[in-house]
Amino acid sequence: MDQNLSDLDCLSDPDEKRWLDGKRKRKNSQCLLKNSMSGYIPSYLDKDEPCVVCSDKATGYHYRCITCEGCKGFFRRTIQKNLHPSYSCKYDACCIIDKITRNQCQLCRFKKCIAVGMAMDLVLDDSKRVAKRKLIEENRERRRKEEMLKSMQNRPEPTSEEWELIRLVTDAHCSTNAQGSHWKQKRKFLPDAIGQCPMTAVPENDRVDLEAFSEFTKIITPAITRVVDFAKKLPMFSELPCEDQIILLKGCCMEIMSLRAAVRYDPESETLTLSGEMAVKREQLKNGGLGVVSDAIFDLGKSLSAFNLDDTEVALLQAVLLMSSDRSGLTCMDKVEKCQETYLLAFEHYINHRKHHIPHFWPKLLMKVTDLRMIGACHASRFMHMKVECPTELFPPLFLEVFEDQEV
């Protein structure tokens, strides 16, 4: 009853209840005028061009006529489901169709669709519609690849000065990276008996396995020394004040060592090779003192394996990590920032030269810098835990010197 009252209220003037030819207008709950949803309108349409069927705002050419979305959908459903034989009209099939009355007589609306020229043969059945959608997706993917290839071709590559910088950074990395490309042949696996026993009665397995920790401390000093040697060989680093050099080295040391381990992740054995010589499993590294930091380094190794980084890209990543101007205590922040910008620009141009076929490769690679910075921050906190759990005599002096005073 309430519904009928609302229907009557929508036509306030009694004269408006009749067609121009004197026929009575029929009413339903949809007779209130609704604004069309604003959306994409093709450029070939004039502003507010009307639908040739109902005079609502048209959205484009549909089945050979300029129509609105509503009439397009009505015509498509009618043909696809073969509904028109069942349509009927109570008023001699001569209703006037507009945007207010279009839903009140399906037969007259369909007849008008045909009369204005909408083509039944252009309505696709289900199989053709699926094939068309597939073709559209294939074309869209093809265009995306073409645009990506075109944008890659138009990106700047390194200048002669940048090539020289890249060569020096790569040489610095290769000369300080233990075992080089022969690490798989040279590595030795840490025995399974070390560091893989579950730590019982300790919350979250937070106890440090001293045997595994002792094994790791044997390789930590040469690993740190190689990071220092790498930094000393870098252009611009030696020009910084000694105090800033020390701050930068302490800040990036764990990050660079983690990167060097991560790029030596082996999916077959599920190990990382530390310092180019010791292959360890996730639980061994975790129980040997690193805890959750172990998970972060292994996860990084897994994700980096898809990037197929070469020595130059690893070297430039290390240079970017080293020249981080937000390290606490720096006296020449601006100078360090300019150094990092120089390396970043050369790095980006080198990535353009390499033409990786991974979408958005450069920003994705930069996200790994963020991951490595997080690993460094987590390790600083983890180091405090190791100091509590492990006897002082197990800590090599250089290990203490680099990590003891880091901010947590």
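Each Cβ is built from the backbone N, Cα and C atoms, and glycine gets one as well.
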From 51-71, 114-134, 219-239, 240-260, the residue range that Swiss-Prot assigns the feature zinc finger: 51-71
From binding-site residues Cys51, Cys54, Cys68, Cys71, Ser275, the one whose Cα lies nearest Cys95 (Zn(2+) 2 binding site): Cys54
Rounded Cα-Cα span from Cys54 (Zn(2+) 1 binding site) to Cys108 (Zn(2+) 2 binding site), Å: 11
Spatial neighbours of Ser275 (3,3',5-triiodo-L-thyronine binding site) that are distant in sequence (at least 6 apart) but have CB under 8 A: Ala178, Ile219, Ile220, Pro222, Ala223, Arg226, Met257, Arg260
Reported mean pLDDT - the zinc finger (51-71): 95
Cα separation, Cys71 (Zn(2+) 1 binding site) to Cys89 (Zn(2+) 2 binding site) (Å, whole number): 18
